[in-house]
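Pulled from Swiss-Prot:
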{"type": "COMPBIAS", "residues": "157-170", "note": "compositional bias 'Acidic residues'"}
{"type": "COMPBIAS", "residues": "219-234", "note": "compositional bias 'Low complexity'"}
{"type": "REGION", "residues": "1-84", "note": "region 'Interaction with CAVIN1'"}
{"type": "REGION", "residues": "20-78", "note": "region 'Leucine-zipper'"}
{"type": "REGION", "residues": "135-203", "note": "region 'Interaction with CAV1'"}
{"type": "REGION", "residues": "141-263", "note": "region 'Disordered'"}
């Protein structure tokens, strides 16, 4: 009777095959605990992996940002290099044009030089801008000489002086030669003007007596002509003498004085 009292009764919901022991329940609970622990470990590993992935993503993002910044800087440098290349190209074109222009000028100069050398008229003078004509070029002026002396000494005097000073001072000898030739031209113009004035002054004198002759005397032009001939004789030497200071005859000489100052 005691054994029947100790036996457990039927568990509600238990299989009808037999009673469930406590050992099986414990083993099941242990298995469940081990499974939960493994799940937790897996979740922790997944969390760690997720954190590593997040860090790698951040690093990738930072690398992409640095790459974008470097790309911007490279694009800016490329733009600057392109602008510099364009400027250099424009400068190179301008330099090439200048070189072509200078080459053309050099060719023209060489052609002109060849022509001058072929003609034998090449004269090279080295001078300063503010050079003065020496004073001795103005000392011996042919103004005080007479017309006959000038005709005799005119062509010889410049050649002698040029021959003496051509070896030492070529620039001064040329200035002297130019000065003396200018003075000779001025003197020739003076002589031409004086001869013209003498002829113009001699013409009215023989004309006036025949006009007055018939009014005063009715004897004829035979007596008027000899009276006009002695009047011409004193006039001709006066044409060779220095010109009288008359106001009407000084006006043509004014350009002659200007020619002397310019020479």
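Each residue, glycine too, has its Cβ placed from N, Cα and C.
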Kindly state the mean pLDDT of the region 'Interaction with CAVIN1' (1-84) in the predicted structure. 82
Per DSSP, the region 'Leucine-zipper' (20-78) contains 57 helix, 0 strand, 2 coil
